[in-house]
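What follows is one structure encoded as C-alpha cells, with my remarks underneath.
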Amino acid sequence: MHIPDGFLDPLVAGLFWLGSAVTIGLAVRHARSELGDERTPLLGVVAAGIFAAQMLNWPIPGGTSAHFVGGAFAGILLGPSLGVLAMTAVVTIQALVFGDGGIIALGGNLFAIAVVNVLIGYGLFRMFREIHESGAAFIAGWAAVTLSALIVALGVGFSSAFAYEIGTTVTIMTGGHAVLGIIEGAITAGVYTYIAAARPDLVFTQFENSNLSPDVKL
C-alpha cells in the first residue's frame, strides 16, 4: 500500500501532506493528556509489532503493494490519538530508514495508513461494539484496510504521473486489499478478543467512557 515517489502529482501529494499534518497535529495535542508512564510502553510495543507485520508485502498489478496495516487495531487498543501517533512513527521510519514508500509521497502514506486506517477502524469499532465486540473488531479491521487502499488508489489514479487509469487502480488496489482485509479483520478480532479478556486495562475502548484511568503494567 505504500506509495513510492513519482506516483503522485505535486498537487495530490500536497493535499495529502496538508490532511496528514492537520490530523497528526490534532492527535499530538489530544495525546498529551493520554500519554504518560502507563501508556508510553504500550505505545512502543504496539508500534513495534505493527512495524514488523507491515514488512510482509505482496505486489499488486496496477497499484503498489498489499500488506497488513494494523491501524484499526492500534486505534482500538490505544485510542484514536495515540493510534495515529503510533502509525505515524511506523510509516515514517519505514520511509526514512527502509525506503518503503517515498519521501514526497510520505504525506499520502501517512494519510492512508496513519489517519484513515486508524480513525475509520476506531470509529467502526465504537459503532458496532455494543452488538458484538469481536465482530466489531473484524469489521473495523476489514473496512479500515479496504478504505485505506481506496484512498491510495484514488490518489495515484488522479495523478497523471501514474501509468494506470483510476478505474484500474481502484479496482485492483481496493479489490486486493478487500480480500486481504478478511485476514486482517480476523487477526484484529482475534488479538483484540484475547487482550480484552486477559488484560482489559490495556484497551483504550474499555475505559474511555469510565472515570477510571488505565493501570498499564507490561
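Cβ atoms here come from the backbone N, Cα and C positions, even for glycine.
Here the transmembrane segment (7-27) has long-range neighbours at 64, 80-82, 84-85, 88, 102, 104-108, 110-111, 114-115, 119, 155-156, 158-162, meaning same-chain residues at least 6 beyond its ends whose C-beta is under 8 angstroms from one of its own. According to Swiss-Prot, the feature transmembrane segment maps to 7-27 (among others).
Look at Swiss-Prot and you will find 42-62 (among others) tagged as transmembrane segment.
Annotation comment: Swiss-Prot describes 73-93 (among others) as transmembrane segment.
Annotated transmembrane segment per Swiss-Prot: 101-121 (among others), in sequence order, evidence recorded as sequence analysis. Long-range Cβ contacts of the transmembrane segment (101-121) within its own chain (Cβ-Cβ under 8 Å, at least 6 residues beyond either end) map to 1-8, 12-14, 16-21, 23-24, 69-76, 80, 83-84, 87-88, 90-92, 94-95, 140-141, 143-145, 147-149, 151-152, 155, 188.
Feature annotation from Swiss-Prot assigns transmembrane segment to 138-158 (among others); the stated evidence is sequence analysis.
Packing against the transmembrane segment (178-198) from elsewhere in the chain are residues 58, 66-70, 72-73, 76-77, 121, 133-135, 137-146, 149, 206: each is 6 or more residues past its ends and has a CB under 8 Å from a CB in it. The transmembrane segment annotation in Swiss-Prot covers 178-198 (among others).
Nonlocal intrachain contacts for the transmembrane segment (138-158), taken as residues 6+ away from its ends with a CB within less than 8 angstroms of a stretch CB, comprise 1, 3, 7-9, 12, 16, 63-64, 66, 68-69, 71-73, 75-76, 108-109, 111-113, 116-118, 120-122, 124-125, 128, 164-170, 172-174, 176-178, 180-182, 184-189. Here the transmembrane segment (42-62) has long-range neighbours at 35, 68-71, 73-74, 77-78, 82, 85-87, 89-90, 93-94, 100, 164, 168-169, 171-173, 176, 180, 202, 216, 218, meaning same-chain residues at least 6 beyond its ends whose C-beta is under 8 angstroms from one of its own.
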